[in-house]
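In what follows, a single structure is set out as structure tokens and then discussed.
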Amino acid sequence: MSETASWQPSASIPNLLKRAAIMAEIRRFFADRGVLEVETPCMSQATVTDIHLVPFETRFVGPGHSQGMNLWLMTSPEYHMKRLLVAGCGPVFQLCRSFRNEEMGRYHNPEFTMLEWYRPHYDMYRLMNEVDDLLQQVLDCPAAESLSYQQAFLRYLEIDPLSADKTQLREVAAKLDLSNVADTEEDRDTLLQLLFTFGVEPNIGKEKPTFVYHFPASQASLAQISTEDHRVAERFEVYYKGIELANGFHELTDAREQQQRFEQDNRKRAARGLPQHPIDQNLIDALKVGMPDCSGVALGVDRLVMLALGAETLAEVIAFSVDRA
């Protein structure tokens, strides 16, 4: 990129006009359904414990904080939105900036736009249907198909992800030429994620969006464990044309279980030599008060716009990608 061109937007003005129209359409979608739009902080004194997420950290040094206060840029508005649910806000959505100190590339930018919404009294399947409705409206695409995580592995890799041991998973990885990574990986979920990324994702969502649901219980994150099969979590992801678009949960409401999961994440972080992260005690305290049974989902807006416009990279649909920020 020449120095004289670096001031220019990464997206064309016509693309930015189309993006604005899509943002307005998303807001109409939720307004028509009586879902409240909210705004929550971009910074917090706590952050995610997930070993696969890397948040940005900053420091507040204003009056009364001469020693400084550690703050984290939010990787998602989830925790604050759940506190609003506990406070009685009802169904809510948010279009906001989120930040992850990770990849930069075709589908990634450290700063990105997230659409996140929560539906009290919705189970996972009802929320999946609403996500499907939104995708059809914005993308004018066919209705989605669905398959379980187990079905996806059996169909494309001929292995049962719920029962296979690490040796069996490494054997499948070898067939995908992934032995250089898999042979030294001891975490079973990381092996599963490796196989899912390289063996399943390229095969799904080609002609229509595809929901993959019932991820292993060990990958529940903030989702409930299924009451029908304790091996799986009430969690889903959505893929279309090679892109992961959304990640949703039938949300965990048990404060003690959530605390234990956060602590387990930090133990995994310590075992990998990663820094342990402060647990969001405000979220735990809110869950103790009682969050309504609900389902929620986070959707990458930049990726959605990218698909709607037929763009090849995120940079084509955001005003200034990080290399021009």
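Glycine is no exception: its Cβ is also placed from the backbone N, Cα and C atoms.
Since this is a predicted model, take the numbers as computed values, not measurements.
Same-site candidate for substrate binding, as annotated by Swiss-Prot with Ser76, Pro77, Glu78, Tyr118, chosen from Glu244, Glu251, Glu257: Glu251. Looking at Asn101 (ATP binding site) and Ser76 (substrate binding site), their Cα atoms lie 13 Å from each other. Put simply, of the binding-site residues Ser76, Pro77, Glu251, the one whose Cα is nearest the Cα of Gly300 (ATP binding site) is Ser76. The number of other CB atoms found within 10 A of the CB of Glu244 (ATP binding site), across every protein chain shown, is 16.
Of all Cβ atoms in the shown protein chains, 14 besides its own fall within 10 Å of the Cβ of Glu102 (ATP binding site). Long-range Cβ proximity for Pro77 (substrate binding site), meaning a same-chain Cβ under 8 A and a gap of 6 or more residues, is found for Thr40, Gln94, Cys96, Ser98, Met114, Glu116.
Distance between Cα atoms for Glu78 (substrate binding site) and Glu244 (ATP binding site): 18 Å, as a whole number. Sequence-distant neighbours of Tyr118 (substrate binding site) (same chain, six or more apart, CB under 8 Å from its CB) are Met81, Lys82, Leu85, Pro91, Val92, Phe93, Glu251, Cys294, Ser295, Gly296, listed in sequence order.
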